[in-house]
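Asker: Dropping the structure in here first, questions after.
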Amino acid sequence: MIRAVLLGLRAVVFDREAARRLYASGYYGKPLGIPKPRGSNFDAPLELGLLETLHLLERGMLEVYDEEGHRVSVEEVRRRAERFIPKFELLYKVYRDLRDRGYVVRSGLKYGSDFAVYERGPGLEHAPYLVHVMRVDEEIDPLEIVRAGRLSHSVRKAFILALTGPRDTPIRYLLLKWSKP
């Protein structure tokens, strides 16, 4: 079992061999000090965000401990994520769904979206999709759609709205594309 230590809003896998295995198993996390890793041949600890940590913990791929060496439960990680990540429930629901469908999900912050989504993985391709997560009943300003569409078009990525709600609300994915009249 791979062991991680929860440090604030991140979990770190210090065992470098375990870090390489975990990264190779689905491009989870970021090797510390390596901005753009090419594959899993790196020699560094692996930093995981709370969404990744919770996902791996729920799937039995990771054990999480605090700094004193006490085991951290799924519920504790979830509570921490709910406290510090705005719209956590919606984001995690979409993150988990995309991962379960076989996609590699990374932060889309540098593109102004919630997620950048890969079919194969970073370093193998550019992310073909940007995903913005919203509540299904949330209003959106049409100008925001135009902005997001223009940005995604300028970086050659498809823009997807992921619309969902609390627990049992299904996720609806809307792919927005530019069309020429």
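Cβ coordinates come from backbone N, Cα and C, glycine included.
Sharing the record's features from Swiss-Prot:
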type	residues	note
ACT_SITE	Y118	active site
ACT_SITE	H126	active site
ACT_SITE	K157	active site
Asker: Between H126, K157, which of the active-site residues has its C-beta surrounded by the fewest other C-beta atoms within 10 Å?
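Answerer: Taking H126, K157 as the active-site residues, the minimal 10 Å Cβ count falls on H126.
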Asker: Determine the Cβ neighbour count for Y118 (active site): the number of other Cβ atoms within 10 Å of its Cβ.
Answerer: 20
Asker: May I ask for the distance between H126 (active site) and Y118 (active site), taken between their Cα atoms and rounded to an integer number of Å?
Answerer: 7
Asker: Write down the Cα-Cα distance for Y118 (active site) and K157 (active site), rounded and given in Å.
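Answerer: Y118 (active site) has its Cα 10 Å from the Cα of K157 (active site).
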